[in-house]
Amino acid sequence: EESITKLSTKSRFRYNSPLVQVSLIGLVCFCCPGMFNALSGMGGGGQVNRTATNNANTALYTTFAVFGILGGGIYNILGPHLTLAAGCSTYVLYAGSLLYYNNQPHQGFVIIAGALLGIGAGLLWACEGAIMTSYPPPNRKGTYISLFWSIFNMGGVIGGLVPFILNYNRNEAASVNDATYIGFMCFMSAGTLLSFAILPPNRVVRDDGTRCTDVKYSSVSKEATEVLKLFTNWKMLLIVPAAWASNFFYTYQFNNVNAVLFNLRTRGLNNVFYWGAQMLGSIGIGYILDFSFQSRRMRGFVGISVVALLGTAIWGGGLANQLPYSHDRPQSEKLDFKDSSFAGPFVLYFSYGLLDAMFQSMVYWVIGALADDSQTLSRYSGFYKGVQSAGAAVAWQVDTHKVPFLSQLIVNWSLTTISYPLLVLLVMLAVKDDNKTEDEIVNEAPVPSSNKDINSTAIST
């Protein structure tokens, strides 16, 4: 057994390494939620009339809220293959429903597909969260999160190019063409097949020879009990405002900035840069959270502070951009990327993408610092995605009911601002400097006192 483990850690690029497995889950998310993001980012899923997709998104995020929270438990019972494949297949169905809607404008199928996608997304993201937060070494979680986020958001970049190229010469009063939706379905089908390449956590070996986790798959009764406990877990309660905020702003940014201000082809181009900005944002915050200071808590404090300062500046810019137009005072003509007045709103939309990645990578890093085993982290990640999706379900209905754009912006800005001090408090109370959580330290045997052990601990921190 020992020789096999030594042999299996020779290369960082071996199939059972955390690096390869996190990259693979990034590719799965590139093909499925990455393409979904590109579809949503056009505003109205590429449709002229946003009502069907707003209602579908409400159904989607309502079921996502439930299955996001349950998803961690389901992953712990079924393992990654069944959980991911079931989740990915629902993305294909949703893109297919929009293809159907393009030819038969009856929104029932789109709404049902949206509800099913919510179930699938809950399974996929709980599995993804467990992998991304438990497979990497404890002192490199920020780096691996940024790696995942970059691969995943490349899906949004390429997905943004698809509608930009295929609809380049089409007029404004049109939905995207059938070929756009067929292209998205091909990517999503590839992601479903790729999900079978993900290894279970007990077969993933880190470079130091340790396995990511040796736990066996769980039972339904145990997972039901553990999921219910999350609602009284003070660590999870401190994350609630950040989780609620983290997808709430998508509705405003996609529908009321991108779809309202820009014409059809430019919306696709904007998405290329929105999701490209996410790659830059995740790499930047990942570096701060892993390398800026020796103390892990200090890295957390600095990371949250950087996101808070940048977030305040970007939402301030968003306020300045929002004041000239509203539901009642629409912009006289939609912007094209060739217009001279395109630059300002474009830079703002790019900045929104940058902030989204930094904000979510920061929250994932905090979650990853609370534990090290995939069972606990799958539940934590599932809870985060569940609350996040409940917020998104509300946000899509807020837009459907024509709530003023300015009110939506102020609520988004306030939600993100409230979350920063609560995350600082969480890092202060629950994150330890030696890469062990509070619970692990309490349950652990006394630390050896030899100089050698002390030095090796300092190096690994």
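Backbone N, Cα and C atoms are what each Cβ position is placed from, and that goes for glycine too.
Nonlocal intrachain contacts for the transmembrane segment (20-39), taken as residues 6+ away from its ends with a CB within less than 8 angstroms of a stretch CB, comprise 13-14, 45-46, 84, 87-88, 91, 94-95, 98, 117, 121, 124-125, 127-128, 131-132, 135-136, 144, 147-156, 158-160, 162-163, 184, 187-188, 190-192, 194-195, 197-199, 204, 271, 275. Annotation source TrEMBL lists transmembrane segment at 20-39 (among others).
Per TrEMBL, transmembrane segment is recorded for 59-77 (among others).
If one looks beyond the transmembrane segment (84-101) by at least 6 residues along the same chain, the residues whose Cβ comes under 8 Å of a Cβ in the stretch are 28, 31-33, 35-36, 39, 45-47, 52-53, 56, 60, 107, 109-110, 112-114, 116-117, 119-125, 127, 178, 181-182, 184-185, 188-189, 191-192, 195-196, 198. Per TrEMBL, transmembrane segment is recorded for 84-101 (among others).
The transmembrane segment annotation in TrEMBL covers 107-126 (among others). Taking Cβ pairs closer than 8 Å, the transmembrane segment (107-126) reaches residues 28-29, 32-33, 36, 51-53, 55-72, 74-75, 83-84, 86-91, 93-94, 96-98, 100-101, 378, 381-382, 385-386, 389 in its own chain, all 6 or more past its ends.
Counting only same-chain residues 6+ beyond the ends of the transmembrane segment (147-168), those with a CB under 8 A from a CB of the stretch are 19, 22-23, 25-27, 29-35, 37-39, 41-42, 46, 128, 132, 174, 176-177, 179-180, 183-184, 187, 264-265, 267-276, 278-279, 282-283, 286, 357, 360-361. Residues annotated as transmembrane segment in TrEMBL: 147-168 (among others).
Cβ atoms under 8 Å from those of the transmembrane segment (180-199) belong to residues 15-16, 21, 24-25, 27-32, 34-36, 38-39, 46, 80-81, 84-85, 87-89, 91-92, 95-96, 98-99, 102, 127, 131, 155, 159, 162-163, 166-167 of the same chain, restricted to positions at least 6 beyond its ends. Annotation source TrEMBL lists transmembrane segment at 180-199 (among others).
TrEMBL lists 236-252 (among others) with the feature transmembrane segment.
Annotated transmembrane segment per TrEMBL: 272-289 (among others), in sequence order. Below 8 angstroms of C-beta separation, residues 34, 37-38, 41, 141-143, 145-147, 149-150, 153-157, 159-161, 164, 258, 299-300, 302-303, 306-307, 346, 349-358, 361-362, 365 of the same chain, each at least six residues beyond the ends of the transmembrane segment (272-289), sit close to that stretch.
The transmembrane segment annotation in TrEMBL covers 301-320 (among others).
According to TrEMBL, the feature transmembrane segment maps to 346-370 (among others).
According to TrEMBL, the transmembrane segment annotation covers 410-431 (among others). Residues 235, 238-239, 241-242, 244-245, 248-249, 252, 296-297, 300-301, 304, 307-308, 311-312, 315, 318-319, 359, 362-363, 366, 369-370, 391, 437-438 of the same chain lie 6 or more positions beyond the ends of the transmembrane segment (410-431) yet place their CB under 8 Å from a CB of it.
Residues 129, 132-134, 136, 138, 141-142, 145-146, 149, 153, 235, 239, 242-243, 245-246, 249-250, 253, 257-258, 270, 273-282, 284-286, 289, 296, 300, 303-304, 306-307, 310-311, 314, 317-318, 321, 337, 376-377, 380-381, 384, 416, 423, 426-427, 430-431, 437 of the same chain sit 6 or more residues outside the transmembrane segment (346-370) yet have a Cβ under 8 Å from a Cβ within it. For the transmembrane segment (301-320), the residues of the chain that approach it from at least six positions outside its boundaries are 142, 257, 285, 288-289, 292-293, 348, 351-352, 354-355, 358-359, 362, 365, 409, 412-413, 416-417, 420, 423-424, 427-428, judged by C-beta separation under 8 angstroms.
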